[in-house]
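The structure appears below as structure tokens.
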Amino acid sequence: MLNLISCELSKLKRSKMVLISVAGVLSTPLLMLIEALQTHFDKPEIIFTLSDIYSDSVLYIMLLVNMMIYVAIAAYLYSREYTENTLKTILPIPISRTKLLIGKFCTLLLWIVMLTLVTWAGIFIVCGLYHVVFTLEGYSLLVAISWLPKFLFGGILMFLTTSPFVFIAFKTKGFVAPVIASAVIVMGSVALSNQELGALYPWTATFFLIDGRIESTGYPLALAIGIIILVSAVGFFMTFHHFKKEDLK
């Protein structure tokens with residue numbers, strides 16, 4: 001299994017997709033910097049802290065920018081075997097399809113964790129630049145570190161909810177369909193981000209869970225978590241079932 005993950009990572013070293021994904025998630029820190037500058041000049045009486053910026057960034061990470069990028073890298077990671085026609089050379093080697101999929105899912109998780117860390121560090125760095133020029137209340141590494149577990153947990157939740165898009169990537173053998181599907185899902189997430197029903201929509205429920213808003217919706221926490229797990233499990237099952245039954249021509 002470690003050899004499979006190592007092989008997947010070595011293939012990514014030669015891919016421009018890694019740099020593209022890093023550049024993509026860095027748009028979140030830049031958006032937070034722009035928002036901070038706008039607040040500073042338009043409403044100078046408002047005092048905000050580093051913790052406030054991290055809190056506001058959760059919306060962009062869980063519902064908008066990062067979620068779409070994570071779906072894109074998931075689609076790329078799985079569809080590339082079809083576009084590059086490498087499955088026929090991989091599967092004759094004594095590697096089961098199940099192990100191959102598990103290796104890819106582990107690689108996807110590592111990639112998402114890496115991008116989540118880049119986002120977290122990027123916010124701290126751009127806030128540092130703001131702090132040097134304007135002074136930011138509560139700017140310290142300890143505050144940033146206190147947000148790291150929440151960011152990583154959010155990354156894991158987003159990894160779980162990418163499984164249906166992985167199935168779409170396998171089913172269509174392409175990159176475009178899962179990305180289009182993610183755009184539709186993101187629009188739904190944004191529409192429900194201020195609605196109580198968002199607790200029942202798995203891609204919004206992950207945001208509510210990280211933001212601590214599940215209880216305020218009136219729905220049980222266990223129900224929201226159960227929906228997230230159910231959608232994730234269905235996505236994983238359909239992916240494994242389809243790939244194991246697929247006839248490679």
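Counting begins at 1 with the first residue displayed.
From the backbone N, Cα and C atoms, a Cβ is placed for every residue, glycine too.
The transmembrane segment annotation in Swiss-Prot covers 17-37 (among others).
Summarising the annotation, Swiss-Prot assigns transmembrane segment to 58-78 (among others) and lists sequence analysis as the type of evidence.
Residues 5, 9, 12, 18, 21-22, 25-26, 28-30, 32-33, 36, 50, 53-54, 57, 61, 66, 69-70, 73-74, 77, 136, 139, 141, 144, 147-148, 151-152, 154-156, 158-159, 162, 166 of the same chain sit 6 or more residues outside the transmembrane segment (108-128) yet have a Cβ under 8 Å from a Cβ within it. Annotation source Swiss-Prot lists transmembrane segment at 108-128 (among others), citing sequence analysis.
According to Swiss-Prot, the transmembrane segment annotation covers 141-161 (among others), on the basis of sequence analysis.
Taken from Swiss-Prot, the feature transmembrane segment covers 174-194 (among others). Through the fold, the transmembrane segment (174-194) approaches residues 59, 63-64, 67-68, 71-72, 74-76, 79, 82-83, 164-166, 168, 201, 203-204, 207 of its own chain, all at least 6 residues removed from its boundaries and within a Cβ separation under 8 Å.
Under the heading transmembrane segment, Swiss-Prot lists 220-240 (among others).
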